[in-house]
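Participant: Here you go, one structure.
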Protein chains: 2
Amino acid sequence: MKTLKVPEATITRLSVYSRFLEYLDQRGIVTVSSGEIAQGVGVSPAQVRKDLAYFGEFGTRGVGYNVKDLMRYVLKVLGLDELWPLVLVGAGNLGFALCTYKGFNDRGFSIVGVFDNNPDKIGKKIADLEVYHLDRMAEIIALHNVKVGIITVPSHAAQEVTDLMVKNGLQAILNYAPVVLNAPENIEIRNVDMSTRLEILTFNLSKKDYNPVT
Amino acid sequence: MKTLKVPEATITRLSVYSRFLEYLDQRGIVTVSSGEIAQGVGVSPAQVRKDLAYFGEFGTRGVGYNVKDLMRYVLKVLGLDELWPLVLVGAGNLGFALCTYKGFNDRGFSIVGVFDNNPDKIGKKIADLEVYHLDRMAEIIALHNVKVGIITVPSHAAQEVTDLMVKNGLQAILNYAPVVLNAPENIEIRNVDMSTRLEILTFNLSKKDYNPVT
């Protein structure tokens, strides 16, 4: 497993900060302090300063950060100053929802190919995209220089799709199937579990007594 | 904002551990070491031990953890030894995907009511559920003793839905709309951004030089 210099929790927060900065920028706000960012997104000011310090010295003491500069820099750090074409395999409900999710386009992501192996789905339209057979994945990946794939197939098919994505040169995979995928070390894989965020809520609601098991 | 004794990152990892323990249990594996858990989920053994230590002493030195006991305990900590009925507002693509997402049922979550205010959607079926008008939310919440709601409406409608959920006694909200919601302090709100996980991948793929901004 690759080790990152910057913790993933920091990258996740940068993503949140960048949205808050966009929000401020749209409202014509020019400068912001770490305390205001902290309050806006619900973390401590020290955490904001620590996260931003990974990427150098920002801001002017007593004045704060320039909103536009910081926003552009954070987006650049996140790799969002370029466009990311994506392919998605699995034209089911979740695949459909992701293909029509407006939040992707806002962040520079664009699904350029949707694939399935179900003859009933091939040729159907999702938004502006025609669902193709998996046979055409190599062609679409080459055409658009795609590096990232999304898997929304059932668990039993996910490894096969992973192998195909790796064979076709993808470098990163976002996996929505609830299964652990095997891939070469140089392929970045992240799993998305739709229920994890719910479990944080139920943890907080249930607030049982955690009797030490001894 | 509420402060938790247990960091959210720990709860997220507990959720991951519990899935790995279920995986081992299904394969008849009886004991597991922190090192094996660490390797299975991709964190350090020290992190596994630290996370579990929040909830007391587990395991026997040199033998490891009993898989079934640890799995049950972690599920209990996460509040997943009980069933959680949910309501969902917003019968669009994402709402549809979540209503048919099998992973929820596996973890004790069950969507018992789907609501929309679009006359074209009301009365339609999603899986086994009929889409109701928002007027019926109070009735369904009371009937099933629902505490948690999911919001999958467009941004401009999300605050109104939040207010309605709070008014009807919900205690926690999972928000998929890309907007910051206002609610009383005692209401737990978590936002889900579908593109955050993608941004971790693009961060890793882009690996730019982070020239300090001075």
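The chain as shown is numbered from 1 upward.
Glycine residues also receive a Cβ, built from the backbone N, Cα and C atoms like all the rest.
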Participant: Please find, within the list B:16-55, B:96-135, the residue stretch that TrEMBL describes as DNA-binding region.
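Facilitator: Matching range for DNA-binding region: B:16-55.
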Participant: From the binding-site residues B:Gly90, B:Ala91, B:Leu94, keep only those with a C-beta under 8 angstroms from any C-beta in chain A, and list them in sequence order.
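Facilitator: Qualifying residues, whose Cβ lies under 8 Å from chain A: B:Leu94.
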Participant: Would you list the DSSP helix, strand and coil counts for the residues of the DNA-binding region (B:16-55)?
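Facilitator: Final tally across the stretch: 28 helix, 2 strand, 10 coil.
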Participant: As a test of reading the model: what is the averaged pLDDT for the domain 'CoA-binding' (B:79-180)?
Facilitator: 91
